[in-house]
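Chemist: Below is one structure. I have some questions about it.
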Amino acid sequence: MQQPFNYPYPQIFWVDSSATSPWASPGSVFPCPASVPGRPGQRRPPPPPPPPPPPPTLLPSRPLPPLPPPSLKKKRDHNAGLCLLVMFFMVLVALVGLGLGMFQLFHLQKELTELRESASQRHTESSLEKQIGHPNLPSEKKELRKVAHLTGKPNSRSIPLEWEDTYGIALVSGVKYMKGSLVINDTGLYFVYSKVYFRGQYCNNQPLSHKVYTRNSRYPQDLVLMEGKMMNYCTTGQMWARSSYLGAVFNLTSADHLYVNVSELSLVNFEESKTFFGLYKL
């Protein structure tokens, strides 16, 4: 190949190493040198600018794969665990209740057995006492309460006043009643009381007296324990009614006799709730 000599630069041939030429063998073509020497005194032109980089190739965006669904096996295992825990607590509560019930039943059976043994023992002791004739131990005698409450006696027509000691609300215990008097059997402190109910169809304001006496062989005459007097107690010429009540504590001795006197027996109302006489030991 010829080239004109007046061309400032030699021609450059680019040969593809992969191509085959019918004119030359692959080994006879050599690559061009990287630079071509210039002539002396000639300015070398600047090298051509490098080619711009190819634009980046945008790959088509692909959608993200969907999240895998939650495992049904794990959910089932969790539910099964909760069910087992609940069943365990239910069984535990049932066992505790059963244990408490058994304990209460055992305790009740034990108490019942003890009661049966105690009753059997008492029955055996009683049977033995009856068989051998062993008397029971003497129990302490309860001291009788010294008390008396006498009520008015409608047919009383004498002084001292007579009283009812048996019927109605009357009672006598630990003392004696004899001919209108209460007889003391035991020395001590006693509360003595008496009430007399006076009434009349026509008032004349005559003085009324109500007295409680005690009589004892140690004294030459009877002693007045209590006394009540009434004067100007009603309106002249009209119906009237008044009560006289006496009560106090006395130290009485054995064999003392207590009785009641009034100044006007005919004006006394002998109803049991209105006229009475009594005492009790403190």
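Count begins at 1; order follows the chain as displayed.
A Cβ is built for glycine as well, from the same backbone N, Cα and C atoms used for every other residue.
Copying in the features that Swiss-Prot gives for the protein in this structure:
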type	residues	note
TOPO_DOM	1-82	topological domain 'Cytoplasmic'
REGION	30-73	region 'Disordered'
COMPBIAS	43-71	compositional bias 'Pro residues'
TRANSMEM	83-103	transmembrane segment
TOPO_DOM	104-282	topological domain 'Extracellular'
COMPBIAS	119-132	compositional bias 'Basic and acidic residues'
REGION	119-140	region 'Disordered'
CARBOHYD	Asn185	N-linked glycosylation site
CARBOHYD	Asn251	N-linked glycosylation site
CARBOHYD	Asn261	N-linked glycosylation site
Chemist: Looking only at DSSP and grouping its letters into three states, which state does Asn185 (N-linked glycosylation site) belong to?
Modeler: coil
Chemist: If you draw a 10 Å sphere on the Cβ of Asn251 (N-linked glycosylation site), how many other Cβ atoms land inside?
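Modeler: Neighbour count, Cβ to Cβ under the 10 Å cut-off: 9.
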Chemist: May I ask which residues of the same chain, at least 6 positions away in sequence, place their Cβ under 8 angstroms from the Cβ of Asn261 (N-linked glycosylation site)?
Modeler: Ile159, Pro160, Leu161, Ser209, His210, Lys211, Tyr213
Chemist: So for Asn185 (N-linked glycosylation site), how many other CB atoms are inside 10 Å of its CB?
Modeler: 13
Chemist: Restricting to the topological domain 'Extracellular' (104-282), report the mean pLDDT as a whole number.
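Modeler: Averaged over the topological domain 'Extracellular' (104-282), per-residue pLDDT gives 87.
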Chemist: Going by DSSP, is Asn251 (N-linked glycosylation site) sitting in a helix, a strand, or coil?
Modeler: strand
Chemist: For Asn261 (N-linked glycosylation site), which DSSP three-state class applies?
Modeler: strand
Chemist: Where Asn185 (N-linked glycosylation site) and Asn251 (N-linked glycosylation site) are concerned, what is their Cα separation in Å, rounded?
Modeler: 13
